[in-house]
Each structure stands twice: as C-alpha cells, then as structure tokens.
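Enquirer: The structure that follows is given in the form of structure tokens.
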Amino acid sequence: MHRFFRPRRMLRDAKQPLLWTAGQLCSNHKPVVTCVRGYIVLPPTNDEEEKAMLHRMMRVDHAGEYGANQIYAGQMAVLGQTQISPLIQEMWDQEKQHLSKFNEILAENRVRPTLLLPLWNIAGFALGAGSALLGKEGAMACTVAVEESISEHYNSQIRTLMEKDPEKYTKLLQLIKEFRDDEMEHHDTGLEHDAESVPGYQLMKAIIQAGCKAAIYVSERL
C-alpha cells in the first residue's frame with residue numbers, strides 16, 4: 001500500500017543532490033541558502049477557536065496511535081514466537097508510521113500531547129497482552145474492536161473537516177483518510193483470522209470499545 005509518510009526526497013541542482021526531511025536541517029556537506037520543509041499538514045490560522053479544534057484533533061489522534069502501538073507491543077510480547085506474529089508485526093509497523101507522523105505534527109505545531117500518555121502506555125500494553133493470552137483469536141478480537149473504534153473516530157473527524165472547509169484541510173483530510181483506511185484494513189484482517197470465534201466475542205468487543213470511547217473523550221480534553 002502506498003504510504004502517506006514518505007522517505008527522504010531529493011532536490012536536484014546541476015551538481016549535487018540536496019537531501020532533506022521535514023523537521024530536519026538540510027545538508028549536502030556544503031553551505032545552503034535555504035532549507036525547504038516537507039509539507040505542513042495543519043493549515044496556519046490566527047483563529048483561536050479553529051486552532052483549539054485542530055489541536056484537540058491531533059492530541060487525540062496521537063494518543064490513539066500511541067495506545068494502538070502499545071496494544072500491538074503487548075500482543076507481540078505474548079505471541080511473538082507463534083505463526084501469527086508476522087501478521088501482528090506487519091500491522092504494528094503501520095501503526096508505528098502513524099505514530100511517527102503524529103509525533104512530527106505535534107512538534108511542528110507545538111501541540112501538547114495528552115497528559116494521560118503514561119496511562120495509555122500501561123493500559124494499551126495490558127490490553128494487548130491480556131487479549132493475546134486468549135490466543136490468536138483473542139488478539140484478533142481486540143484488533144477488530146480497537147480498529148473499528150479508531151476508524152469511526154477518524155470518520156467523525158473527516159465529516160467535521162469536510163463541513164468546515166475541505167479545500168483548506170486538504171492535506172489533513174488526506175492524512176486522516178489514509179490512516180483510516182489502514183485501520184479498516186487491520187479490522188478486516190482481524191475478522192479474516194477468526195476474531196469472532198473467541199468465547200464471549202460480543203461482550204469483549206463491547207467492553208473494549210467502551211474503553212476506547214472513554215479514552216478518546218478524556219484525551220481530547222486533558
């Protein structure tokens with residue numbers, strides 16, 4: 001799948017390539033006059049209400065991807081030597097790219113991360129490891145529940161931005177839509193790998209999704 005998060009690019013002149021990445025200094029071992037940034041996902045604004053809205057969005061999205069990383073870390077701690085581990089690792093690698101992008105956005109725009117990251121660190125790992133103790137099916141059931149919640153949250157953000165100004169938020173919409181599609185792919189993968197066969201699937205899913213909704217609510221505000 002084509003990634004939104006792109007590797008280093010080159011700006012070419014007649015002699016030397018100029019390497020750069022967003023948020024890094026430009027260097028080709030020679031003095032350079034200007035340093036070009038990659039791209040700005042959040043549009044600049046002097047409107048405090050709009051700024052607060054965008055910061056809330058990025059704060060909760062960062063928290064969600066952080067928690068998802070910890071869930072997959074917990075699953076790999078339990079199932080890392082089993083046949084399902086390459087699949088979990090593949091999904092985890094995508095989540096790492098999502099988190100890296102949101103880390104960049106937060107730093108670039110001076111967005112404060114949620115104060116609850118230490119809690120999501122522990123809770124995410126515990127959820128991942130706990131579900132994995134139920135076997136492959138338990139891990140996949142957790143993945144389905146979490147990724148469905150995250151996808152619904154991303155869809156809600158997409159609707160909000162489309163209603164406000166789709167042209168202004170083109171890059172942000174592109175980012176959220178791509179990450180949403182990744183999460184839905186993980187959701188479908190979980191269903192394909194017997195998530196619904198774990199005992200108490202519906203109850204487990206309901207409990208996890210209630211926790212996700214609560215985490216989204218408080219991460220936006222704290």
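Each residue, glycine too, has its Cβ placed from N, Cα and C.
Pasting the feature list from TrEMBL:
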- GLU65, GLU95, HIS98, GLU183: Fe cation 1 binding site (BINDING)
- GLU95, GLU147, GLU183, HIS186: Fe cation 2 binding site (BINDING)
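So that I understand the layout, could you describe where these features sit and how close they are to other parts?
Expert: Counting only same-chain residues at least 6 apart in sequence, those with a Cβ under 8 Å from the Cβ of HIS98 (Fe cation 1 binding site) are GLU65, ALA68, PHE179, ASP182.
All protein chains shown were included, and the count of other CB atoms within 10 Å of the CB of GLU183 (Fe cation 1 binding site) stands at 26.
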Enquirer: For GLU65 (Fe cation 1 binding site), just count the other CB atoms lying within 10 A of its CB, please.
Expert: 23
Enquirer: Other than GLU95, GLU147, GLU183, HIS186, which residues of the chain come within 8 Å of the Fe cation 2 site, judged by Cβ distance to the Cβ centroid of those residues?
Expert: ALA68, MET91, GLN94, THR143, VAL146, ILE150, SER151, ASP182, MET184, GLU185, HIS187
Enquirer: Can you tell me how many other Cβ atoms are located within 10 Å of the Cβ belonging to GLU147 (Fe cation 2 binding site)?
Expert: 25
Enquirer: What is the total of other Cβ atoms whose distance to the Cβ of HIS186 (Fe cation 2 binding site) is within 10 Å?
Expert: 25
Enquirer: Other residues near the Fe cation 1 site, CB within 8 A of the CB centroid of GLU65, GLU95, HIS98, GLU183?
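Expert: Sorted by sequence, the hits are GLY64, ALA68, ASN69, GLN94, GLN97, LEU99, ILE150, PHE179, ASP182.
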